[in-house]
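Noted in TrEMBL for the protein shown:
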type	residues	note
DOMAIN	105-385	domain 'NADH:quinone oxidoreductase/Mrp antiporter transmembrane'
TRANSMEM	29-48	transmembrane segment
TRANSMEM	85-102	transmembrane segment
TRANSMEM	108-128	transmembrane segment
TRANSMEM	140-162	transmembrane segment
TRANSMEM	182-204	transmembrane segment
TRANSMEM	211-232	transmembrane segment
TRANSMEM	244-263	transmembrane segment
TRANSMEM	275-295	transmembrane segment
TRANSMEM	301-323	transmembrane segment
TRANSMEM	343-360	transmembrane segment
TRANSMEM	380-401	transmembrane segment
TRANSMEM	422-444	transmembrane segment
Amino acid sequence: MILSLLVTPILGVIGVILSGENSSLQKKVALASSLLTFVLSLVLWAGFDSNYNGFQFVSSFPTVTTQEVVGVDASWESIKTGIKYFLIAFLVLETLLIAVFVVLDLLLFYICFESVLIPMFLIIGIWGARERKIHAAYQFFLYTLLGSLFMLLAILVIYFEVGSTDYQVLAVADISETRQRILWLGFFLSFAVKVPMIPFHIWLPEAHVEASLAGSIILAGVLLKLAGYGFLRYSIAILPDASVFFTPLVYSLAVISIIYSSFTTLRQVDLKKIIAYSSVGHMNITLLGLFSNTIQGIEGSLILMLAHGVVSPALFICVVILYDRYHTRLLKYYRGLTQHMPVWSIMFFLFTLGNIAVPLSANFVGEFMTFTGAFQQNPVLTVLGGLGMILSAAYGIWLYNRTAFGAQSRYLAPMGDINRREFMTLLPLLFLMFVMGLFPNLFLEPMHLAGRSMNTQPKH
């Protein structure tokens, strides 16, 4: 069944190639392939046995395939040139992302982890929105590739030390504490760039601003989660002594990243950069939970990653809806959109509430559990990190108030509200956001046993 998840997007690639030059048929084939993959992931999730603490379908949460479906649908009209090659790159990216989450070999994980850069580089560099797209693509590629070279060196050391790169062998391998610390730093440099943490964050706002809508959805919805998964699966599970030793470092950098990115968000005037910098803050909150060594913190960070993968892409879709109509993302031009775009204003309001983690939203459950767990690990830094919640409310309310309310902007002529396709793209994300907020146990139940086993138990 796992194999079918990996094969289905490849079959979609073949279907797109065989569709000739019929762009409408190519889009339908790509969308059908992504939808089928999504359905298969739901089947795997339904078959997950939460009472069995072993490898089964633990990586088959439908978040990856959800964002792929949304990405194809959101790009239905925005991509005008090279549609066939865009869809091929997108489906190949989907296969690689699924592979990252399901492989159990450390070397295969690294290969898939790095291979994701190639289609993403093309999506940003070829189908990006503005003239700096080439610069943004190279910055994204080189930053993340350079960081990952340290992880490759660490993997080679592990192989020569243990004699295997199989995860189940490494999980019980006896690696000395001193060597664990050196190896942990190699993994940390790679994952810190992907989160991203300050000062490794420069590539993210640039990539978000220059990427197409589909590129931004995948960046925010899935790619930023690879680092969290890597920390949880490899840094904490394989190198537990080093994880405990470096927890103060992670907490310090995460809190600095949360506060810095939140204040930076308040100073931005580009709508996409506002959401991009807010993503930096939210992803660093998840690190507080992952390294809390508590069940609440670990499960809360997983819920927050899932929630962020729903809310942040929705906000990007709302921003691009405006850009498609007015061809600007500068905040100062927007005012009074409620008067002639009421449906968009309601949608943007609800997703803004989700982004600032109001009760009943998925983000609230994730942040509440994350901070509960992190407080048990380090109360002082957790309180400082909690400033991110206050600042996110500040920039979220300010952004919505500036765009939706007030007199009609004199710079922009009134345009139509969102169409049916845009509404149907946003509706599933809105539904997911409230389902996760109202019924979090649907997602927490499968995590309990695995979360309990992920508590860091030092080997020495």
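Cβ atoms are placed via backbone N, Cα and C, with glycine included.
Within the chain carrying the transmembrane segment (182-204), a Cβ under 8 angstroms from the stretch's Cβ atoms is held by residues 136, 139-140, 143-144, 146-148, 150-151, 153-154, 157-158, 175, 219, 223-224, 226-228, 230-231, 234-235, 239, 242-243, 245-246, 250, 253-254, 256-257, 260-261, 276, 279-280, 283-284, 287, all 6 or more beyond its ends. Long-range contacts of the transmembrane segment (140-162) within the same chain: residues 106-107, 110, 113-114, 117, 120-121, 124, 169-170, 173, 175, 179, 182-183, 185-187, 189-194, 200, 202-203, 206-207, 238, each at least 6 residues beyond the stretch ends and with a Cβ under 8 Å from a Cβ of the stretch. The transmembrane segment (343-360) makes contact with the transmembrane segment (422-444): 3 or more of their CB pairs lie within 8 A, with pairs spaced 6 or more apart in sequence. Between the transmembrane segment (380-401) and the listed ranges 211-232, 244-263, 301-323, the one holding the most Cβ pairs under 8 Å is 244-263. Remote same-chain partners of the transmembrane segment (275-295), defined as residues 6 or more beyond its termini with a Cβ less than 8 Å from a stretch Cβ, comprise 195-198, 201, 204-205, 208-209, 220, 224, 227-228, 231-232, 236, 243-244, 247, 250-251, 253-255, 257-258, 261-262, 264-265, 268, 301, 304-305, 308, 312, 315-316, 319, 355, 363, 366-367, 369-374, 376-377, 381-382, 385, 388, 391-392, 395-396, 448, 451-452, 455-456.
The stretch in 244-263, 301-323, 422-444 that contributes the largest number of Cβ pairs under 8 Å to the transmembrane segment (211-232) is 301-323.
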